[in-house]
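Student: Structure in structure tokens, see below.
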Amino acid sequence: MKNLRNRSFLTLLDFSTAEVEFLLKLSEDLKRAKYAGIEQQKLVGKNIALIFEKDSTRTRCAFEVAAHDQGAHVTYLGPTGSQMGKKETSKDTARVLGGMYDGIEYRGFSQETVETLAEFSGVPVWNGLTDADHPTQVLADFLTAKECLHKPYKDIRFTYVGDGRNNVANALMIGASIVGMTYHLVCPKELEPDPELLSKCQEIAKTTGASIEITADIAEGVRDSDVLYTDVWVSMGEPDEVWKERIALLEPYRITQEMLNMTENPNVIFEHCLPSFHNIDTKVGYDIYEKYGLKEMEVSDEVFEGPHSVVFQEAENRMHTIKAVMVATLGD
């Protein structure tokens with residue numbers, strides 16, 4: 001077993017290929033044990049703080065269920081549940097929580113904040129999402145791909161379609177470079193990833209055999225893909241001008257059945273971190289329809305609900321992979 005005890009999980013850039021593969025294998029083992037009813041608790045007596053500056057369904061539920069399964073207690077601090085960033089600095093909050101808790105999860109805006117929590121709390125800190133990165137999501141995405149495709153990670157051709165600067169796109173590119181995947185990013189030139197991050201990933205890829213390719217050409221980019229992946233085009237709270245600009249750029253990149261056919265792979269799977277705007281059955285979805293006339297955004301309802309979609313298996317795997325991170329870094 002790899003010794004990751006007391007390590008924080010802030011970005012996959014902090015981990016080696018062997019360490020990432022260990023976490024993925026541990027996720028498989030823990031999932032199998034839960035299904036078989038033979039799970040052994042490694043977090044008994046541990047207290048975990050969950051800091052959420054941004055609301056969440058999957059991340060919160062995954063951390064709470066994983067902690068409960070493993071015997072830990074959690075305290076949820078929602079967007080209005082603490083003074084961090086308002087009356088108290090993140091450095092001070094880190095030192096307060098570090099004296100009471102054995103581990104801290106943070107989901108919010110700034111990568112700098114999660115790094116500050118890790119530096120000053122003295123306990124493992126786990127990144128549940130920042131504007132720059134989403135490392136726990138990637139573990140679930142990769143585990144799901146392996147389960148569905150029955151291929152080792154290095155043989156998977158993983159394609160992200162959409163906004164190449166998105167935090168999930170960033171995290172996937174990092175993860176793919178570490179485990180040796182072929183990673184295609186299909187996006188408009190205006191939405192290509194940060195050059196510094198791309199350079200880091202390309203350097204890692206030289207040592208792992210990974211391949212990173214970026215193109216605006218949809219047909220070229222998706223051909224032979226094993227996985228097509230997308231995420232929302234715009235985050236809530238961004239102004240109307242941004243929505244209009246982003247929709248104009250990304251509407252050709254909506255994942256449709258036609259795009260799945262372009263892969264020329266009958267076994268291609270569709271992944272999405274969720275939530276997804278694939279119909280108008282939500283308030284946000286209906287508002288988008290009213291403002292922009294779109295009944296679906298980043299993915300068609302046909303693909304989302306179709307046989308290639310594995311998004312709910314992927315969502316469940318958030319819990320198993322998050323459990324692996326907590327057990328590996330905090331478990332007895």
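Heads up, the Cβ atoms here are built off N, Cα and C, so glycines get one too.
Note that this is a predicted model, so its numbers are computed, not measured.
These came from Swiss-Prot, pasted as-is:
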BINDING   Ser56, Thr57, Arg58, Thr59, Gln83, Arg107, His134, Pro135, Thr136, Gln137, Cys273, Leu274, Arg318  carbamoyl phosphate binding site
BINDING   Asn167, Asp231, Ser235, Met236  L-ornithine binding site
Student: Compare the C-alpha of Cys273 (carbamoyl phosphate binding site) with the C-alpha of each of the binding-site residues Asn167, Asp231, Ser235, and give the closest one.
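Tutor: Checked the binding-site residues Asn167, Asp231, Ser235; minimum Cα distance to Cys273 (carbamoyl phosphate binding site) goes to Asp231.
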Student: For Arg318 (carbamoyl phosphate binding site), which residues in the same chain are close in space, meaning a Cβ under 8 Å from its Cβ, but six or more apart along the sequence?
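Tutor: Non-local contacts for Arg318 (carbamoyl phosphate binding site): Arg58, Thr59, Ala62, Thr136, Gln137, Ala140.
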Student: Should His134 (carbamoyl phosphate binding site) be counted as helix, strand, or coil on the basis of DSSP?
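Tutor: Note: His134 (carbamoyl phosphate binding site) is coil by DSSP, not helix or strand.
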Student: Among the binding-site residues Ser56, Gln83, Thr136, which residue has the fewest other Cβ atoms within 10 Å of its own Cβ?
Tutor: Gln83
Student: According to DSSP, does Asp231 (L-ornithine binding site) sit in a helix, a strand, or coil?
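Tutor: Its secondary structure by DSSP: coil.
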Student: Roughly how many angstrom lie between the C-alpha atoms of Ser56 (carbamoyl phosphate binding site) and Ser235 (L-ornithine binding site)?
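Tutor: Counting only the Cα atoms, the answer is 13 Å.
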Student: Counting other CB atoms within 10 A of each CB, which of the binding-site residues Asn167, Ser235 comes out lowest?
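Tutor: Sparsest of the binding-site residues Asn167, Ser235 by Cβ contacts within 10 Å: Ser235.
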Student: Go through Arg58, His134, the listed binding-site residues, and name the one with the sparsest Cβ surroundings, counting other Cβ atoms within 10 Å.
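Tutor: Least crowded of the binding-site residues Arg58, His134, by Cβ count within 10 Å, is Arg58.
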Student: Going along the chain, which residues six or more apart from Asp231 (L-ornithine binding site) have their CB under 8 A from its CB?
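Tutor: In sequence order, Gly162, Asp163, Asn166, Val168, Ala169, His272, Cys273, Glu298 meet the Cβ cut-off.
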Student: Run through the Cβ atoms and count how many others sit within 10 Å of the one on Cys273 (carbamoyl phosphate binding site).
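Tutor: Around the Cβ of Cys273 (carbamoyl phosphate binding site), 26 other Cβ atoms lie within 10 Å.
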Student: Rounded to whole angstrom, what's the largest C-alpha distance between any two of Ser56, Thr57, Arg58, Thr59, Gln83, Arg107, His134, Pro135, Thr136, Gln137, Cys273, Leu274, Arg318, listed as binding carbamoyl phosphate?
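Tutor: Greatest Cα-Cα span of the listed binding residues: 29 Å.
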